[in-house]
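Step one of this worksheet: look at the structure below.
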Amino acid sequence: MPSGEGAEVTLRDIAPAAFLPPAVFAVGQGAIAPVIVISATDLGASPAMAALVVALAGLGQVCADIPAGSLVHRFGERPTMIGAALLTVLALVGCMVAGQLILFAAAIFVTGACTAVWLLARQAFVTEVVPYRLRARAMSTLGGVFRIGLFIGPFVGSAAVHAVGLWGAYAVHVVAALVAAGTLLVVGDPKVDPAGPGGTAQPRARFPAVLSEQRSVFATLGVGVLLVSAIRAVRQVALPLWGQELGLSPAAISLIFGVSGAIDMLLFYPAGKVMDRFGRMWVAVPAMTVLGLSLIVLPLTDTATGLMVVGLIMGIGNGMSAGLVMTLGADLAPPGQRPVFLGIWRVFSDSGNGAGPFVIAGVTALASLGAGIVAMGIVGLLGGGWLGYWIPRRVPPPTPRDKVVADGGPR
């Protein structure tokens, strides 16, 4: 905790409250991710229907983003997160006992909605308590620990499934959600004055007003983060699909994908440090350029070694972008409207996550897989230029306690 009244909060101060609960929660998410398709198939779903059930988790996030912002704004981060964790537990119990596909699908949708609450609430909390000079490192760390949890989760879930059966993976998520909620109750947050710059409570923000007032931001940088999220999502689809195109074994594809993910996780803190020191643009443009070029080159590979090299480059680009979307959202969120603004902001990023794979599927159906991958690579390069143009050089000070410095962007 800070040593005294008005002392500047450090990352160490907020780590137990800001980073530990999301990391634990993400382990549970990672545990159920590989078994959702299996559970849906066991309930009679066709492969296409099983894929749709998986997509419902992402749809749940998009649908819950704006309500999550309003809930956090009204009730606060911790109460909203604890409520979402308990709702997650109920949904997971529903997954375990569901005897019909429609009930299972509804439960998966609810887990996605609860995830939206968790991600937005911790982003809003970090935005409030961390000084501007540490903001990108804090956001990158928040995104990084969530990725680490998702990486660990399948291994824990696999052990549980081996021990007790398929329901064991859902039980892991139940335990993770309860532990994460318990951590929020036990670990206190650094004290933050909820009043605005004038020392008086901020009026309740409403979605239509925030959307109208910030429409120029959403029309420019909102589109930019949609492109960032789309390219990131495409990476997760393009790499294994091209591995299959080359005739590689599932084990080889999994190894290449895992190594790419490991490189990704190593870079989140350095990326945040670069953003804090030199400006957001100096991570946004290189990350999108690397991801775009690696996608364009991917269809040129014809061996496992070539795919591994491109996968490593993709991991570097993806790792460089860790925390970028959350940092930009925190920079631009107006005081008194932060949770609602961030809810709308997350609609753009989560929509990009869902849209990217659909674009590849559409172009592949019309032309070929290679053409679809290259098309998204070009989108990545265009997205880098778009962000480079619109990311501001300076960000207005969001609160009096933030020690704002000039951000070294291009404009």
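In case you wondered, yes, glycine gets a Cβ from its N, Cα and C as well.
Record features, source TrEMBL:
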- 14-395: domain 'Major facilitator superfamily (MFS) profile' (DOMAIN)
- 20-41: transmembrane segment (TRANSMEM)
- 48-68: transmembrane segment (TRANSMEM)
- 88-121: transmembrane segment (TRANSMEM)
- 142-161: transmembrane segment (TRANSMEM)
- 167-187: transmembrane segment (TRANSMEM)
- 216-234: transmembrane segment (TRANSMEM)
- 246-269: transmembrane segment (TRANSMEM)
- 281-301: transmembrane segment (TRANSMEM)
- 307-328: transmembrane segment (TRANSMEM)
- 366-391: transmembrane segment (TRANSMEM)
Listed stretch, out of 88-121, 142-161, 216-234, 307-328, 366-391, that has the most CB pairs under 8 angstroms to the transmembrane segment (20-41):
142-161
Under 8 angstroms, Cβ to Cβ: which one of 48-68, 142-161, 216-234, 307-328 has the largest number of such pairs with the transmembrane segment (366-391)?
216-234
Reported mean pLDDT - the domain 'Major facilitator superfamily (MFS) profile' (14-395):
88
